[in-house]
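Below: one structure, written as structure tokens.
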Amino acid sequence: MAKPKKPRASAPDPPAAAARLPWHPPAPPVPTALLITLAALLIRVLVSVGPYSGQGAAPKFGDYEAQRHWMELTLHLPPSDWYRNTSDNDLAYWGLDYPPLSAYQSLLHGRIINASLPEAVALRSSRGYESPESKLLMRWTVLSSDLLVFFPAALWFVWAYMKGGIGISGEERREGWMWLLAMVLISPCLVLIDHGHFQFNCISLGLTLGAIAGVLSRNELVAAALFTLAINHKQMSLYFAPAFFSHLLGKCLKRKYPIVEVMKLAFVVLGTFALVWWPFLHSYEAALQVISRLAPFERGIYEDYVANFWCSTSVIIKWKILFEIKPLKLMSLSATILAFLPSFVQQVKSPSNLGFLYSLMNSSFSFYLFSYQVHEKSILLPLLPASLLALKEPQMYGWFVYFALFSMYPLICRDQLLLQYIAVLGLFFLIYYSPGGSHGKRLKISCMAKVVLSLPFICSLLLHIVYLQIEPPKRYRFLFDAMIVFVSFSQFVILTLYTNYKQWMLDTHSRSIGVKKNL
């Protein structure tokens with residue numbers, strides 16, 4: 001007698017997380033990643049249609065002119081004249097003040113523009129050159145740099161992060177990668193500064209992101225080379241140096257031959273430095289000339305209104321008046337070291353991938369808050385590791401993005417990028433709050449804490465309107481700028497304390513897991 005056939009099991013319902021992003025199709029990961037990448041690229045293109053720093057503002061214009069001028073200099077002058085004052089290179093007019101790799105990048109882009117629009121980079125005669133064609137070519141140089149450096153690094157990081165399952169559950173490993181990739185690529189501050197204001201942070205941050213992915217995928221030598229290149233593109237990448245050094249040192253100390261491991265890393269770092277600096281190593285004076293341009297101490301401890309300790313407290317303590325440059329340098333150095341020291345010690349003692357990501361944020365925040373001559377755009381550096389922690393700390397990341405962008409609001413208004421500011425911020429939070437997104441993780445805080453946190457948010461909303469609609473008193477022309485700085489600074493301090501606490505709690509969590517295993 002034939003056995004009765006078992007009824008077929010019905011197909012399971014698709015997971016709710018499948019509808020996480022508006023563009024999520026029923027397709028394998030590669031096409032989905034391509035769609036997210038294209039969306040991020042489209043946002044950059046749309047922002048780049050708007051104004052840029054210093055547009056039509058003679059005689060020095062702005063950052064756009066600085067980048068164009070560096071292309072002009074590197075194209076027509078020998079490397080020995082790039083960093084020193086000559087008849088063809090007036091250092092008072094946007095003198096090159098980034099490391100050699102940035103100069104090589106300017107040379108490459110200068111050659112590309114010279115091939116199709118030579119008058120845009122002609123020596124001396126091209127100062128303040130502005131035309132629709134030059135704007136298109138200059139915008140293209142940033143877009144191509146983003147595509148060639150930052151985008152591949154972001155994809156590599158997401159792959160390494162998900163493969164390692166760093167501080168996330170199995171479901172997040174399967175479904176969360178799309179949301180994380182979108183958070184990293186669609187970063188409002190980076191998009192507005194690079195493609196609106198006009199800079200090339202995508203290169204140094206992309207090299208740093210590649211180095212982070214190298215660490216997570218256990219390619220430490222590749223990571224060391226990439227991070228050295230990042231430092232040699234923009235010296236502000238040193239904000240991450242304590243985190244890289246402590247994490248890699250901590251790993252080396254736990255291996256069989258720690259001295260050999262340290263020597264291998266040192267060889268890669270020194271070798272990469274030597275290759276980048278080779279044209280300037282023929283004499284001590286030439287190298288010293290470059291170094292002197294990278295440390296602008298003569299500008300004072302801060303220049304524009306920036307949401308760090310020195311500028312925020314200058315209303316009460318007149319740092320520039322009370323102290324000379326030398327004691328200010330010492331105070332700044334001491335405060336910065338003290339700020340990143342707890343994070344540094346934790347990674348040397350107990351290196352871990354998740355601890356490394358927290359350490360990157362804590363280290364870069366320490367430099368942003370306390371180091372010498374910080375610009376408002378430097379908030380991009382702690383924002384990078386914050387975006388990498390978006391799956392683990394979604395509320396923290398969303399809060400940080402908002403106040404980081406708010407801290408640059410006066411700069412955005414000066415550049416006439418208010419429309420782009422509103423659009424990019426709105427689009428970011430549309431994706432951030434997409435169905436099934438990781439923002440849904442509940443953060444357990446008391447009602448009183450919620451009230452306290454809502455106050456700076458309400459203040460920021462009011463200041464957005466007040467800054468545009470009300471003229472400040474003539475005696476206090478920068479009153480609203482100072483208020484924006486102080487509100488942002490207060491939130492950055494809270495975030496720094498929180499992420500330092502979370503990093504040190506990793507040790508407690510590891511010990512509790514060890515005790516449970518022993519039981």
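Here the Cβ of each residue, glycine as well, is placed from N, Cα and C on the backbone.
Under the heading region 'Disordered', TrEMBL lists 1-23.
Annotated transmembrane segment per TrEMBL: 136-161 (among others), in sequence order.
Positions annotated as transmembrane segment by TrEMBL: 176-193 (among others).
Taken from TrEMBL, the feature transmembrane segment covers 265-285 (among others).
Residues 166-167, 212, 215-216, 236, 238-244, 246-247, 296-297, 299-304, 306, 308-310, 328-329, 332-333, 335-336, 339-340, 342-344, 346-347, 381-382, 384-386, 388-389, 392, 489, 492-493, 495-496, 499-500, 502-503, 506 of the same chain lie 6+ residues outside the transmembrane segment (354-375) yet bring a C-beta within less than 8 angstroms of a C-beta in it. The transmembrane segment annotation in TrEMBL covers 354-375 (among others).
Residues or ranges marked as transmembrane segment in TrEMBL: 418-435 (among others).
Using a Cβ-Cβ cut-off under 8 Å and counting only residues 6 or more beyond its ends in the same chain, the transmembrane segment (447-470) has close neighbours at 399, 402-403, 406, 409-410, 413, 418, 480, 483-484, 487, 490-491. Sequence annotations record features per position, and here TrEMBL assigns transmembrane segment to 447-470 (among others).
TrEMBL lists 482-501 (among others) with the feature transmembrane segment.
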Task: Beyond the flanks of the transmembrane segment (176-193) by at least 6 residues, Cβ under 8 Å - done: 17, 20-21, 24, 29, 32-33, 36-37, 39-40, 43-44, 47, 150-151, 154-155, 157-158, 161-162, 168, 199, 201-202, 205, 209, 377, 379-380, 383, 387-388, 390-391, 397, 401, 404-405, 408, 412, 417, 420-421, 424-425, 427-428, 431-432, 434, 437-438
